[in-house]
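Okay, structure first, notes after.
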Amino acid sequence: MNSRSDLEIPGQVTPKGGLSHAAIAQAFSAPAFILLIATVVAPVFVVLLISLTDYRLGRLTLNFIGLGNYARMLADPFFWGALRNSAIYTAVVVPVSVFGALCLAVLLDSRRRSRRFYEIVYFLPVTSTLTAMSIVWSYLLNGHIGPLASLFSTLGLPPLDFFADGTLALIGLAIIGIWHLIGFNLILFLAGLTVISGELKEASALDGMDGFWDRLRYLTWPLLAPTTIVVFVLSCIQAFQVFDTVAVLTNGGPYGATEMLLHKINTDTFTGLKAGYGSALTVVYLILIGAFSLVQVAVGNRKAHF
Amino acid sequence: MARFSLRPIVAHAVLLSGAFLMIYPFFWMWRASTQAPGEIFGTLQDAPPMLASIADNYARALFDSPLPNFMLNGVIMTGGILLSQILTTVTCAYALAKFDFRGRRLIFAIVLVSLSVPAQATALPIFIVLAKFGMLDTYTGVMVPYLTSGFAIFLFHQFIRSFPDEILLAARLDGMSEVEIVIRIILPAMMPAIAAFSIFSITFHWNDLYWPMIVIRSIDLAPPTLGLLFFRGQEGGDSFGPLMACATLVTAPLILLFLAAQRRFVQGVTMTGVK
C-alpha cells in the first residue's frame with residue numbers, strides 16, 4: 001500500500017515555504033479527516049453509548065441502564081415484527097431483482113442495435129425521485145381508482161386494494177422496490193458480461209451448447225459468479241434500507257404490517273423521542289449492514305486477486 | 001430452424017414487456033398531470049381540452065404552490081453538499097495517493113470503515129449536536145452530515161494513484177507549489193472521476209428524504225422530496241392534477257440530466273457497485 005512513497009524526494013526539491021511534504025500532505029487531508037471523525041466515527045460511538053442509556057430526546061438527564069434497551073428490544077414484539085417484515089421484503093425483492101436482472105442482461109447482451117434503448121429505459125427508475133414515484137404508485141396500485149382497478153374490473157375480478165391489506169401492502173412495497181432496483185442490477189450484470197464475453201464465446205463455440213437455460217445455468221452464471229455475489233449483497237443492503245416508500249405510502253401500517261427496521265428506528269427515535277431505545281435498534285441495523293458490507297469487501301478482494 | 005427465428009422474437013417480447021412496466025409509471029404520471037380533476041379516473045365526461053388542463057395544472061404547481069421554492073432549496077442543498085465534498089476530498093485523495101506521511105494508514109482505515117456506515121445510523125448524534133447549536137431547520141443542518149465523503153476519497157484515490165509521478169516531479173522542479181499542482185494538474189486530470197461522483201452525489205441528495213425529514217420543520221426550507229409530502233398533506237383530492245404536475249417537475253431534473261449524460265450516469269451510479 002505504500003508503493004507511492006517513492007515521491008518522498010529527499011533534498012533537491014523542497015517545497016516553497018519550507019514545509020515538508022509530509023506536513024503538506026497532512027494539511028491536505030486534515031479537513032476530510034476531521035469531518036469523517038466528526039460525522040461518522042464519533043457518531044457511531046455516541047450511538048453505542050446512548051444505546052446503554054434511557055435517554056429521551058429533549059430531556060436534560062440520562063441514566064446508564066446497561067443492556068436494558070437490548071433486553072427490552074428482545075422482548076418487544078414490534079421489533080421482531082419490523083425485523084420480520086424487513087426480512088420478508090428483502091426475501092421478495094432481492095431474488096426477483098437479481099435473477100430478473102440476470103435474465104434481462106443475458107437477453108440484452110446479444111442485442112446490438114436495441115441495447116442502448118433498453119439500458120436507458122430500465123435505468124430510468126433508478127434515477128427517479130422515489131418519493132414522487134411512490135405517490136404515483138399509490139394510485140397505480142389503488143383498488144378503486146387507477147389503471148390496475150380498471151383492469152381488474154374489466155376482467156371481472158374483485159378489486160385488489162394493495163395498501164389496505166397487510167400482506168398485500170408488503171407485496172405492494174416489494175413491487176415498487178423491484179421496479180426501482182432491477183435496472184441498477186441489470187447495469188452491473190451487463191458490465192460483468194462485457195468482461196467475460198471473450199471467454200463466453202470461446203466456451204460456447206467449443207461446447208456447442210444450446211438453449212437459453214442451459215447456457216445460462218452451466219456457462220454464463222458460473223462465469224458471472226463474482227458479479228452475482230456483489231449484486232446480491234448490494235441488493236440486500238438496498239432492501240434493508242427501504243424507507244421512502246414506507247414513509248410515503250403506509251407509515252408502517254396497516255397495523256404494523258409494513259413496519260420495517262429503518263422506519264421503526266426513525267419513528268421510535270424522532271417521533272417517539274425514545275433515543276436510547278432507538279439507538280439500540282440502530283446498533284442492530286449497523287451490525288446487519290456492516291455484515292453485508294464485509295461480505296462484499298471479502299468478495300471484492302478475492303476478485304481483485306484473480 | 002424454427003427455433004432460430006423464434007428466439008430473437010421471444011427475447012424482444014420479454015424485453016419490451018419489461019420495458020413497458022418500467023416506463024408505465026412515468027407515462028401515467030405525465031398523463032395524470034395533463035388532465036383535469038376527475039378525468040384521469042374516467043368520471044368526467046366532457047373533458048376540457050388537454051392543453052388547457054396542462055396550463056392549469058402546471059400553472060398551479062409553479063405559481064400557486066411553494067414548489068419553485070422547494071426546487072431552489074434542493075439546488076442549494078445539493079449544490080452546497082457537492083461543493084464541500086469536492087473541496088475536502090480531492091486534496092485528501094491526492095495526499096493519500098502520492099505522499100507517505102504519519103497518519104496516512106489511519107486516515108485510509110477510517111475512509112474504508114466509513115464506506116460501510118449508512119448515513120441513517122449517524123443521524124441521532126448529529127441531530128443532538130445540531131439542536132445544541134440551534135442549527136436544526138437550516139440549510140447548514142441539512143448539509144452537515146455530508147460535508148465530506150469517504151466514498152469520494154476512496155474513488156478519487158483509486159483514480160489519482162495511476163497518475164504518472166514524472167509529471168508531478170517535473171512540476172515541482174519547475175517550482176510549482178503543491179496547491180498549484182492540485183489546481184492546475186490534478187484537478188483537470190480528475191475531471192472524469194469528479195463528474196461521475198458528482199452525478200452519484202446529486203442523485204442521492206436530490207432524492208434524499210430521510211435526513212431532511214428529521215432536520216427540516218418549516219415548509220420554507222423543505223427540499224423537493226419533503227415539499228411534495230407537505231403539498232400532498234395540505235391539498236385535498238381536487239388538486240390531483242397539480243400534485244402530479246409537481247411530481248413530474250420534481251422528477252424531471254434528474255431524468256433530463258440522465259438522458260443528457262447517460263454514460264456518465266450509469267458509470268456514476270454503478271460505481272457504488274465496485275466500491
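Note: Cβ is positioned from N, Cα and C throughout, glycine not excepted.
For B:71-261, the entry in TrEMBL reads domain 'ABC transmembrane type-1'.
For B:9-30 (among others), the entry in TrEMBL reads transmembrane segment.
What TrEMBL records for B:70-94 (among others) is transmembrane segment.
Annotation source TrEMBL lists transmembrane segment at B:106-131 (among others).
Taking Cβ pairs closer than 8 Å, the transmembrane segment (B:143-160) reaches residues 77, 80-81, 84-86, 88-90, 92-94, 96-98, 110-115, 119, 122-123, 126, 130, 135, 186, 189-190, 192-194, 196-197, 200-201, 205, 211, 271-272, 275 in its own chain, all 6 or more past its ends. The annotation transmembrane segment is assigned in TrEMBL to B:143-160 (among others).
Marked as transmembrane segment by TrEMBL: B:181-204 (among others). Sequence-remote contacts of a segment are chain residues at least 6 beyond its ends whose Cβ falls under 8 Å from one of its Cβ atoms, and for the transmembrane segment (B:181-204) they are 78, 81-82, 85-86, 90-91, 94, 149, 151-152, 155-156, 159-160, 163, 167-168, 171-172, 254, 257, 261, 264-265, 267-269, 271-272.
What TrEMBL lists as transmembrane segment is B:243-261 (among others).
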With the transmembrane segment (B:243-261) as the reference, which stretch in B:9-30, B:70-94, B:106-131 has the largest tally of C-beta pairs below 8 Å?
B:9-30
So which residues does the transmembrane segment (B:106-131) touch in its own chain, when a touch means Cβ under 8 Å and the partner is 6 or more beyond its ends?
92, 96, 141, 144-146, 150-151, 153-154, 157, 210-211, 214-215, 275
